[in-house]
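Here the structure is laid out as structure tokens; the discussion comes afterwards.
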Number of protein chains: 4
Amino acid sequence: MNSVSDRWSPAPRDPLDDTLRLECGVYGVFDVPEAAAITALGLHALQHRGQEACGIATFDGQRFHTERHMGHVGDAFTGADLVQRLPGTAAIGHTRYSTSGGSFIRNVQPMFADLAAGGVAIAHNGNLTNALTLREQLVEEGAIFQSTSDSEVILHLIARSRKGKIIDRFIDALSRIEGGYALVALTNKKLIGVRDPLGIRPLVLGEFQGRYVLASETCALDIIGATFVRDVEHGEMVVIDQDGLKSLRPFPAQRARPCIFEYVYFARPDSVVNGRSVYEVRKRMGRRLAQETPADVDVVVPVPDSGVPAALGFAQEAGLPYELGIIRNHYVGRTFIEPTQGLRELGVRMKLSPNRSVLAGKRVMLIDDSIVRGTNSVRVVRMVREAGAAEVHLRSASPPLMYPDFYGIDMPDRDKLLAANKSLEEIREFIGVETMGFLSVEGLYWAMNSAPRDPVNPQFTDHYFTGDYPTRLLDREIAEGRNEQAERQLSFLVGA
Amino acid sequence: MNSVSDRWSPAPRDPLDDTLRLECGVYGVFDVPEAAAITALGLHALQHRGQEACGIATFDGQRFHTERHMGHVGDAFTGADLVQRLPGTAAIGHTRYSTSGGSFIRNVQPMFADLAAGGVAIAHNGNLTNALTLREQLVEEGAIFQSTSDSEVILHLIARSRKGKIIDRFIDALSRIEGGYALVALTNKKLIGVRDPLGIRPLVLGEFQGRYVLASETCALDIIGATFVRDVEHGEMVVIDQDGLKSLRPFPAQRARPCIFEYVYFARPDSVVNGRSVYEVRKRMGRRLAQETPADVDVVVPVPDSGVPAALGFAQEAGLPYELGIIRNHYVGRTFIEPTQGLRELGVRMKLSPNRSVLAGKRVMLIDDSIVRGTNSVRVVRMVREAGAAEVHLRSASPPLMYPDFYGIDMPDRDKLLAANKSLEEIREFIGVETMGFLSVEGLYWAMNSAPRDPVNPQFTDHYFTGDYPTRLLDREIAEGRNEQAERQLSFLVGA
Amino acid sequence: MNSVSDRWSPAPRDPLDDTLRLECGVYGVFDVPEAAAITALGLHALQHRGQEACGIATFDGQRFHTERHMGHVGDAFTGADLVQRLPGTAAIGHTRYSTSGGSFIRNVQPMFADLAAGGVAIAHNGNLTNALTLREQLVEEGAIFQSTSDSEVILHLIARSRKGKIIDRFIDALSRIEGGYALVALTNKKLIGVRDPLGIRPLVLGEFQGRYVLASETCALDIIGATFVRDVEHGEMVVIDQDGLKSLRPFPAQRARPCIFEYVYFARPDSVVNGRSVYEVRKRMGRRLAQETPADVDVVVPVPDSGVPAALGFAQEAGLPYELGIIRNHYVGRTFIEPTQGLRELGVRMKLSPNRSVLAGKRVMLIDDSIVRGTNSVRVVRMVREAGAAEVHLRSASPPLMYPDFYGIDMPDRDKLLAANKSLEEIREFIGVETMGFLSVEGLYWAMNSAPRDPVNPQFTDHYFTGDYPTRLLDREIAEGRNEQAERQLSFLVGA
Amino acid sequence: MNSVSDRWSPAPRDPLDDTLRLECGVYGVFDVPEAAAITALGLHALQHRGQEACGIATFDGQRFHTERHMGHVGDAFTGADLVQRLPGTAAIGHTRYSTSGGSFIRNVQPMFADLAAGGVAIAHNGNLTNALTLREQLVEEGAIFQSTSDSEVILHLIARSRKGKIIDRFIDALSRIEGGYALVALTNKKLIGVRDPLGIRPLVLGEFQGRYVLASETCALDIIGATFVRDVEHGEMVVIDQDGLKSLRPFPAQRARPCIFEYVYFARPDSVVNGRSVYEVRKRMGRRLAQETPADVDVVVPVPDSGVPAALGFAQEAGLPYELGIIRNHYVGRTFIEPTQGLRELGVRMKLSPNRSVLAGKRVMLIDDSIVRGTNSVRVVRMVREAGAAEVHLRSASPPLMYPDFYGIDMPDRDKLLAANKSLEEIREFIGVETMGFLSVEGLYWAMNSAPRDPVNPQFTDHYFTGDYPTRLLDREIAEGRNEQAERQLSFLVGA
């Protein structure tokens with residue numbers, strides 16, 4: 001029986017969950033056979049950018065087809081009939097981790113609209129900083145929203161544009177949105193890729209069997225054997241059709257300012273982002289960390305998995321042995337029952353396990369990529385100590401995280417960010433380590449092989465560490481303004 | 001694991017399927033505890049009006065909640081957490097059989113929109129005869145449709161109305177739609193019920209524990225022990241809120257012209273529709289049929305289940321024994337494999353079985369409610385004959401079905417309707433019976449206890465038999481006009 | 001993903017559930033193409049004999065294949081690949097309502113064993129009255145049981161027989177079992193059907209395209225267009241193979257004594273059981289009831305569905321109008337939430353609905369097939385009265401039910417059976433009717449067209465009414481004996 | 001709806017799949033609250049020992065409860081009602097990768113039998129080398145098997161033992177079985193753990209909150225914070241009950257000979273097996289490999305994940321940089337469609353991805369744990385070369401794999417094992433590397449910190465490399481004997 005239903009209750013975020021999450025990965029191909037199968041592979045390589053839901057839209061020359069699922073790409077887009085279900089030679093795809101708006105299937109991208117000018121499907125990674133403001137205007141004008149996704153805001157702007165051609169409508173819509181985003185769109189004639197004016201979110205262009213591919217990261221080119229052509233540039237709109245690729249510049253020229261956190265945490269280490277190997281940057285973070293915050297230890301141990309390259313760099317720079325002192329269990333323990341007898345550190349032990357032979361009696365240097373709320377660090381340190389470590393030292397391969405993000409990263413509020421609320425010594429004490437250290441912002445720029453940070457017009461989006469946001473934050477400003485007077489509330493639908 | 005996905009491939013309609021289907025049943029309650037549970041019960045009683053999908057929307061004082069499912073109410077809206085999933089004291093619900101537009105969850109009602117004036121959920125039974133025309137205009141103006149449902153057309157009209165109050169916007173929208181419909185809507189303050197200007201589709205008002213209930217049929221009042229108050233009148237809009245019920249008349253006054261087919265086939269026999277007991281009307285059809293088309297037979301046998309009351313009336317009038325000569329298997333055989341050895345009449349035998357002890361050696365009068373394509377009659381007659389009947393006679397308790405419907409009944413095209421293409425004698429021969437008879441249109445009006453049919457302004461919607469449509473058919477006229485010049489096509493999304 | 005698991009939590013029996021249930025239906029075909037598809041159709045026609053689970057076993061010339069499912073045949077045995085999943089030209093099948101032992105998939109039949117002599121699959125309808133005693137002996141000898149099904153007892157007896165040939169082992173096993181049963185079995189060479197020495201449970205032999213079919217009822221022959229050959233006789237074992245059919249008589253000769261309750265309630269009205277039309281017998285029950293317990297009423301109304309033929313017989317005999325005063329909703333409302341506001345009679349209203357136009361102001365004679373605990377009658381009568389009936393009278397088309405069954409019918413304990421604990425007047429008062437009446441045992445025999453009941457050696461198994469059990473009840477005697485000393489308990493596995 | 005069914009079609013093994021698999025992990029706890037929850041956690045830590053299915057059996061003082069599922073522990077044993085579904089303070093559990101006998105739920109352990117002496121549940125890791133022979137004898141005697149699992153053979157031996165007490169029956173059964181196994185069993189009074197006479201398969205004893213725990217590996221103690229007590233010894237039977245632990249020696253004394261492959265591949269690196277840290281042994285393999293087969297390279301790169309410790313050891317010994325040149329995608333791509341355009345190396349790219357920044361222009365030393373068929377190595381090497389490596393060298397951290405296993409490891413036949421069919425130079429050429437090297441058997445013993453291999457009575461089970469099997473192989477000998485005369489075949493049930 002078909003037992004599809006239009007409701008989904010998301011598992012609440014584990015209170016022990018001390019991670020950052022990225023909203024999305026995007027993908028697009030044009031003029032290749034079995035575009036849906038190619039796109040499914042690309043999305044699989046982008047799974048780390050969003051594990052909650054995924055979707056694909058194709059165009060078969062006459063009709064658009066979409067499928068959107070909760071869950072992983074490898075569970076959703078399989079089956080011998082995939083290319084029958086999603087026929088066509090052009091496709092876009094999306095992986096998603098939900099942020100605001102809830103985990104309903106209605107919110108899963110790509111979004112589709114059937115405009116007078118023809119159909120258009122759209123998917124994006126990132127966040128608009130004026131989405132709520134635009135949405136209120138659009139609703140006021142009679143637009144009906146079916147989701148809380150920013151992509152639907154863009155669709156409505158396109159639908160209501162007074163311009164004629166779809167590309168002109170698109171540009172018209174882009175002129176009204178603010179924020180950081182990389183988006184892909186599919187019309188009945190074209191595949192479109194756009195990167196925000198500062199290039200905050202990444203997007204690359206590849207070549208596969210003589211045709212163009214768009215992807216959030218190069219690892220999604222490698223999986224299908226496509227070759228990297230170049231980054232889509234900041235503020236660039238590429239339009240791909242039967243005649244090839246056209247590059248448009250719909251925004252006023254600005255200096256690029258890509259997100260530095262892609263290097264710290266989000267991107268896969270084998271990806272090359274904005275011309276830099278993520279793996280190499282991370283190793284250099286570790287090297288610089290060893291220079292800035294040395295310690296007298298016996299062994300360097302990464303907190304798996306994202307701390308691995310920095311730990312290698314630290315160990316190489318410091319001339320210390322690098323050892324797998326903590327083993328990660330890659331099988332996911334979804335919603336295990338915590339027995340009432342109160343097992344200590346169960347949350348962390350489900351994923352990480354101490355390798356006693358490496359830790360017992362040793363002075364251990366732990367390397368993590370970043371410290372968010374610090375609760376995870378507390379548990380990992382306690383586990384390492386219980387496994388017999390003589391001393392435990394901790395280093396964060398990124399500077400102290402102190403300011404929230406508004407460009408597509410799911411981050412706790414400022415009052416939950418450990419480094420925003422405690423001094424270095426308080427942090428050391430809270431986590432319970434012999435010494436604690438963070439990479440400096442200067443060190444981070446060094447690791448990027450960049451010139452020193454330009455305080456007037458920084459080379460990277462780095463407000464997480466500096467508070468220096470690259471754009472205005474319109475929705476936030478309005479919300480703060482209204483807060484003094486009245487609640488701003490859209491009557492909201494739960495479910496579907 | 002939550003494995004919800006946004007795609008559904010409907011089982012194709014069985015080519016042996018020789019039935020009519022009604023689009024929908026609607027329900028609404030206001031100011032009662034556990035409104036979702038009450039609504040689920042009401043929808044269960046309306047299951048015969050649509051078995052493909054169902055939905056409920058509630059308002060809990062702050063938020064709207066909806067769930068929409070493929071399948072039966074008794075499978076979808078169960079579980080101890082129903083009233084947690086759908087909290088609130090006001091609710092509307094819907095059962096659906098799909099007609100145009102495909103069987104996607106996006107098309108399941110209630111539809112919801114978050115307007116500047118507040119949220120509104122809407123569900124309807126029936127069909128707009130100018131929906132496509134309105135839709136094209138709305139898309140031209142920038143509206144984005146997520147479904148192919150008429151309800152969404154109404155929502156967009158409400159959203160774009162220049163009026164201020166939601167009720168005024170609603171009336172504004174109603175002024176633009178044409179066709180036959182009964183609709184229920186829920187705002188954050190009110191429950192609304194509307195019946196089209198001619199009252200084609202039914203809607204009744206009940207009272208449950210001092211509060212109002214809206215339902216397509218009275219059987220959905222009985223199930224919760226509610227009492228029948230009155231029919232919502234043709235062209236009436238009832239607005240129910242904390243202050244009670246207000247009756248509005250948003251349309252120019254017209255004489256009522258309710259659908260006569262509700263009595264022939266769709267409504268449950270225990271329902272009272274427009275003041276008439278469906279069971280009694282059906283028995284009178286049988287009585288009149290016995291007068292109009294008598295035959296020298298031994299036994300009267302209904303084709304289960306909808307032929308039963310007419311067969312009882314026929315037998316009583318003719319003084320003949322009424323017997324269950326055909327037994328219906330109420331267990332559904334969804335998609336059995338038909339063995340390749342080619343079993344005869346398997347399609348009909350899955351549902352109906354001959355009761356040889358009643359049939360063998362007898363002259364059998366079969367009574368069916370109506371004849372659509374006739375293929376089912378052919379199979380039933382053959383089955384009865386193979387069970388040993390000496391003679392087989394067939395009567396249709398309704399007049400010959402000759403014209404398609406545009407007000408919410410799923411009916412084959414005119415070229416598939418048996419009576420539209422063959423003479424009575426040809427029909428008799430095609431079906432293979434000794435004698436064949438249909439109730440006359442006059443007889444049908446007599447069975448309704450009505451005055452004779454007024455040819456200028458008929459008392460009932462009866463175009464199925466007469467070709468006399470109660471409204472203009474705008475979409476159809478435009479489609480026929482364009483057919484000569486060009487294809488009219490919305491670029492259409494398959495899937496979601 | 002394949003998410004099969006070996007656990008099933010049955011929905012607890014609804015406390016409002018006031019029905020009798022039969023354990024099973026069986027089916028078997030030999031030497032026909034696509035035997036699994038044929039068997040699935042046969043089981044669909046036997047669905048009324050067991051709705052909880054179903055299974056099919058086939059043999060393809062080399063291997064046995066089985067599938068066993070919870071749920072209905074029409075949901076379980078579908079799909080274009082059915083005959084690939086269950087290949088072969090010989091098959092047996094089973095539908096099941098669980099009795100003792102719980103609703104685990106382990107208990108679903110057919111059961112299979114891989115003996116030294118070859119594989120054998122077996123399925124039965126009925127109950128062994130010495131199963132527990134045999135089971136204890138077998139476990140003592142080292143047998144391991146995987147289920148609590150009687151079929152597995154028979155398999156172990158076959159496995160442990162000292163005889164050589166499988167048929168001899170089978171006969172050896174039959175010589176040790178007691179009770180009422182009809183069983184079908186499949187070996188790598190033969191299809192076997194057996195009926196207990198008294199023929200308590202039914203089994204018929206049909207002919208389909210020149211090959212033999214076995215089925216619990218003739219309605220399962222009709223569905224595939226097979227013709228009825230004869231009943232398998234009491235105490236007969238039929239062995240069907242490539243050489244045709246052999247009839248064996250493994251038991252000492254006895255007079256037949258088939259279950260009379262098949263006619264009262266279980267068999268489908270279109271079936272012919274032991275040479276008698278079930279429909280005709282039921283009508284005669286109604287006729288006799290009208291003679292034995294007349295009343296001055298206006299209308300005769302059946303309690304749907306099993307009361308229908310008796311009500312027809314009653315009305316015809318009494319010259320009263322037969323009307324559908326109660327409408328049955330055939331859509332199943334599985335586990336609806338009962339709202340806390342305490343809707344009256346909701347349990348019965350989910351399935352039955354009053355047809356006011358027939359009931360209001362009338363003196364109503366309700367005809368039911370039998371009265372078990374009486375709780376359902378109380379609710380139906382109250383519903384009819386609330387619909388406006390002037391008087392309500394009730395008749396049971398069977399004699400008072402006073403003694404439990406041990407041959408495959410799921411019946412409440414004696415202290416729950418209404419007629420076992422109250423006088424006729426107390427029953428009348430309890431149910432709340434103007435007059436109450438039961439068919440007499442003599443009347444029941446008359447309805448069967450039988451000679452008067454022979455008190456020494458009755459023609460039918462009728463202990464439900466008389467307490468006269470056709471066999472000894474060994475398990476029960478032992479259990480009662482032990483009760484005084486110690487608990488008899490097998491350590492029992494819950495789950496699988 | 002409960003839609004459980006008793007059939008499961010396993011995904012066929014991917015022909016590109018070039019891995020070894022272990023049958024099982026086992027777990028047991030006694031006298032702890034919520035034993036099922038504790039066991040689920042333990043099984044989660046043993047997930048690497050079997051990902052196809054899992055099961056838990058508990059005893060609650062009166063009844064046994066079991067659940068068995070296809071799929072991962074983290075999907076199967078979750079939900080707030082776990083300890084209600086599986087109540088009790090004693091439990092055993094099992095994770096399974098299927099070997100012979102098919103992937104049916106019937107084969108999932110623990111197996112349960114309800115013996116005259118009481119219930120017993122059993123689960124094992126390993127393989128009996130005379131299981132088929134015993135099975136044939138048992139079937140000849142009338143035993144009915146429901147599975148093809150060795151555990152059921154043991155259950156039947158226990159059931160048929162002439163001994164009185166369950167422990168004596170157990171010992172009786174153990175005296176008849178041959179092979180390598182670790183088993184756990186649960187009776188209504190005791191938790192039992194047994195390791196085969198040579199201790200081929202591992203089993204450890206832990207202490208949790210003052211109570212005993214049994215587990216295949218120490219990592220399953222760590223997850224619940226239990227402490228390691230000691231290994232269960234070879235040929236030891238531990239019996240745990242309310243009075244504590246008793247150690248029995250049911251077998252003639254022999255020298256231990258544990259499986260060396262647990263260190264090479266199967267055990268988790270953080271486990272301590274037979275007193276040795278798996279991680280340390282693996283690092284020593286890498287160190288010795290660097291000594292035995294040095295090469296002039298720039299960088300040492302592990303084939304993830306099992307090659308990591310050996311690569312670290314190799315790099316440290318050789319003084320070369322260790323780098324993550326290959327990134328593993330931990331999201332599982334179950335059954336992706338391979339597009340018809342024939343993507344090169346898609347199979348390997350789904351899981352592994354080249355890190356170009358490390359590989360390009362470098363002389364790369366790849367370290368893998370072992371080489372089975374070599375097909376995976378071919379693909380990995382080609383991928384590394386395409387990423388720009390100047391040279392590619394490959395080392396296997398274990399000696400050449402040349403002989404199949406019969407003690408619970410799923411390994412291709414000898415004619416599929418690369419090293420059994422090619423010389424070192426042929427292997428080098430087949431895989432396509434500049435140099436190829438294997439660890440020597442002597443080196444492996446050195447890595448184990450063992451005395452040199454005793455050729456008469458080796459310290460470890462190492463026939464994979466030497467052909468020196470630790471026990472006779474009765475089933476295989478009989479099969480080979482019969483092969484000359486006739487086929488040995490049990491009539492086999494497919495499905496259930």
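Cβ atoms here come from the backbone N, Cα and C positions, even for glycine.
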Out of D:Ser306, D:Ser353, D:Ser423, which is the one TrEMBL records at the Mg(2+) site of D:Asp368, D:Asp369?
D:Ser306
Cα-Cα distance linking D:Cys24 (active site, nucleophile) and D:Asp369 (Mg(2+) binding site), given in Å to the nearest integer:
20
Can you tell me the CA-to-CA distance separating D:Asp368 (Mg(2+) binding site) and D:Cys24 (active site, nucleophile), as a whole number of Å?
23
For the recorded Mg(2+) site formed by D:Ser306, D:Asp368, D:Asp369, which further same-chain residues have Cβ atoms within 8 Å of the site's Cβ center?
D:Val264, D:Tyr265, D:Pro302, D:Val303, D:Gly307, D:Ala310, D:Ile367, D:Ser370, D:Ser396, D:Ala397
Same-chain residues six or more away whose CB lies under 8 A from the CB of D:Cys24 (active site, nucleophile)?
D:Arg49, D:Gly50, D:His94, D:Thr95, D:Arg96, D:Tyr97, D:Gln109, D:Ala123, D:His124, D:Asn125, D:Gly126, D:Ser216, D:Gly408
Across D:Asp368, D:Asp369, listed as binding-site residues, the smallest other-CB tally within 10 A is for D:Asp368
One finds that other Cβ atoms within 10 Å of the Cβ of D:Ser306 (Mg(2+) binding site) number exactly 22
Here the mean pLDDT of the domain 'Glutamine amidotransferase type-2' (D:24-243) is 93
